[in-house]
Amino acid sequence: MSTVQQITVLGATGSIGLSTLDVIARHPERYAVFALSGFSRLAELETLCVQHRPRYVVVPDAAAAHALQGSLRAAALPTEVLVGEEGLCAVAGHGEVDCVMAAIVGAAGLRPTLAAVQAGKKVLLANKEALVMSGALFMQAVRESGATLLPIDSEHNAIFQCLPGDYGRGLQAVGVRRVLLTASGGPFRETPLAELERVTPEQACAHPNWSMGRKISVDSASMMNKGLELIEACWLFDARPEQIEVVIHRQSVIHSLVDYVDGSVLAQLGNPDMRTPIAHALAWPQRIDSGVSPLDLFAIGRLDFERPDEQRFPCLRLAREAAQVGGSAPAMLNAANEVAVDAFLQRRIRFSDIARMIEFVLNAESARAVEALDAVFEADRRARALAGEWLARH
């Protein structure tokens with residue numbers, strides 16, 4: 001590995017991608033941007049290429065590639081433009097890359113994230129859907145390739161920091177009783193249940209504590225985000241669903257906790273800023289400045305905790321059930337949720353319909369065994385088709 005680490009940022013124009021580039025720019029002596037990818041914000045992607053001068057940039061189609069390549073040449077930049085999933089996999093597994101930030105949202109991030117894992121890279125995992133969809137296959141690839149997998153979700157990063165280094169021996173073996181996964185409760189934590197039928201995409205995207213993209217903001221409002229994180233935590237830390245308890249913590253200061261059999265509870269605290277887990281994972285096992293302000297406990301004053309209400313947040317229940325069933329159920333849950341959230345953002349369904357659509361899809365057929373990646377994508381395809389049927393009837 002060279003002194004300056006070469007970083008590929010998949011999903012560079014999103015919230016996580018931009019935060020990653022902010023941290024990288026603070027440490028030019030340690031990190032350089034090897035490749036960037038973007039999907040729809042091509043003007044922003046061009047600006048990032050000018051700022052960071054990557055070797056490669058990946059865009060979704062030939063038309064976007066032609067336009068961007070022309071702009072980059074006009075700016076006298078040597079950056080080469082690649083296209084589509086093949087391009088994403090190429091920059092994720094490239095021989096000169098040391099570390100990959102996997103921050104593409106949704107199922108689209110699975111193949112390039114797996115490409116990074118199979119190439120044995122240090123993978124900073126922000127794409128939770130990769131593990132939700134293909135958990136057993138994904139973790140098997142990590143073990144076989146020798147890749148280093150570091151979680152970026154603030155909750156999983158917190159759990160990682162609170163566990164001993166040898167937690168791979170098993171949670172019981174290292175004395176863990178349970179993992180406490182914190183959740184803010186989102187913008188609808190106290191909204192009267194009857195009003196949830198009428199909330200708008202703008203209200204759902206107005207998170208009280210975190211700055212996030214639209215899809216993850218809606219997932220946070222429905223608490224599907226926490227459900228997906230529960231499934232992800234099961235795979236990352238080899239935990240059973242019943243070992244993970246979700247706790248509403250409205251201040252988003254404690255990012256998660258680990259409860260040990262001797263009565264000790266370790267927690268990781270910090271301001272709600274994704275640059276903290278990003279900097280932790282980039283530098284691990286060392287520490288670097290992230291640009292995040294120090295935590296002011298006196299300004300916070302108090303920390304509150306409550307149990308989640310599954311009547312208010314049925315998506316959390318559906319995710320836990322999918323985790324318990326296993327097989328293709330988590331992939332179908334994720335696909336149905338992606339369709340439902342997109343329909344809600346387009347104002348085609350109500351917020352409360354998100355859980356209804358997902359439950360319909362999960363009840364429409366029994367979960368199947370998932371022994372190869374093709375089975376994962378088939379489950380994803382079936383779930384999207386079923387979700388489309390539900391949409392057509394409502």
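Keep in mind that glycine also has a Cβ here, set from the backbone N, Cα and C atoms.
Taken from Swiss-Prot, the feature NADPH binding site applies to T13, G14, S15, I16, N127, E129, G213, supported by sequence analysis. Among the features that Swiss-Prot reports, 1-deoxy-D-xylulose 5-phosphate binding site is placed at K128, S154, E155, S184, H207, S220, N225, K226, E229, with the record citing sequence analysis. As annotated by Swiss-Prot, Mn(2+) binding site applies to D153, E155, E229.
Feature map: Swiss-Prot annotations on the structure.
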residue: T13; record: NADPH binding site; Cβ within 10 Å: 22
residue: I16; record: NADPH binding site; Cβ within 10 Å: 28
residue: N127; record: NADPH binding site; Cβ within 10 Å: 28
residue: K128; record: 1-deoxy-D-xylulose 5-phosphate binding site; Cβ within 10 Å: 27
residue: E129; record: NADPH binding site; Cβ within 10 Å: 25
residue: D153; record: Mn(2+) binding site; Cβ within 10 Å: 26
residue: E155; record: 1-deoxy-D-xylulose 5-phosphate binding site; Cβ within 10 Å: 26
residue: H207; record: 1-deoxy-D-xylulose 5-phosphate binding site; Cβ within 10 Å: 18
residue: G213; record: NADPH binding site; Cβ within 10 Å: 17
residue: N225; record: 1-deoxy-D-xylulose 5-phosphate binding site; Cβ within 10 Å: 26
Exercise for the section: Going by DSSP, give the three-state secondary structure for I16 (NADPH binding site). Expected result: helix
Problem - CB within-chain contacts under 8 A for G14 (NADPH binding site), separation at least 6 - result: A103, I104, V105, G213
Practice task
List, in sequence order, those binding-site residues among D153, E155, H207, E229 whose Cα sits within 10 Å of the Cα of E129 (NADPH binding site).
Solution key: E229
Exercise for the section: By Cβ count within 10 Å, point out the most packed of the binding-site residues listed: S15, E229. Expected result: E229
Exercise for the section: Give the three-state DSSP assignment (helix, strand or coil) for E229 (1-deoxy-D-xylulose 5-phosphate binding site). Expected result: helix
Exercise for the section: Filter the binding-site residues T13, S15, I16 down to the ones within 10 angstroms of K128 (1-deoxy-D-xylulose 5-phosphate binding site), Cα to Cα, kept in sequence order. Expected result: none
Problem - Cβ-centroid neighbourhood (8 Å) of the Mn(2+) site, D153, E155, E229 excluded - result: K128, P151, S154, H156, N157, L181, N225, K226, E232, A233, S256
Exercise for the section: Quick one: of S15, I16, D153, which binding-site residues lie within 10 angstroms of E229 (1-deoxy-D-xylulose 5-phosphate binding site), measuring between C-alpha atoms? Sequence order, please. Expected result: D153
Exercise for the section: Based on DSSP, name the secondary structure state of E129 (NADPH binding site): helix, strand or coil. Expected result: helix
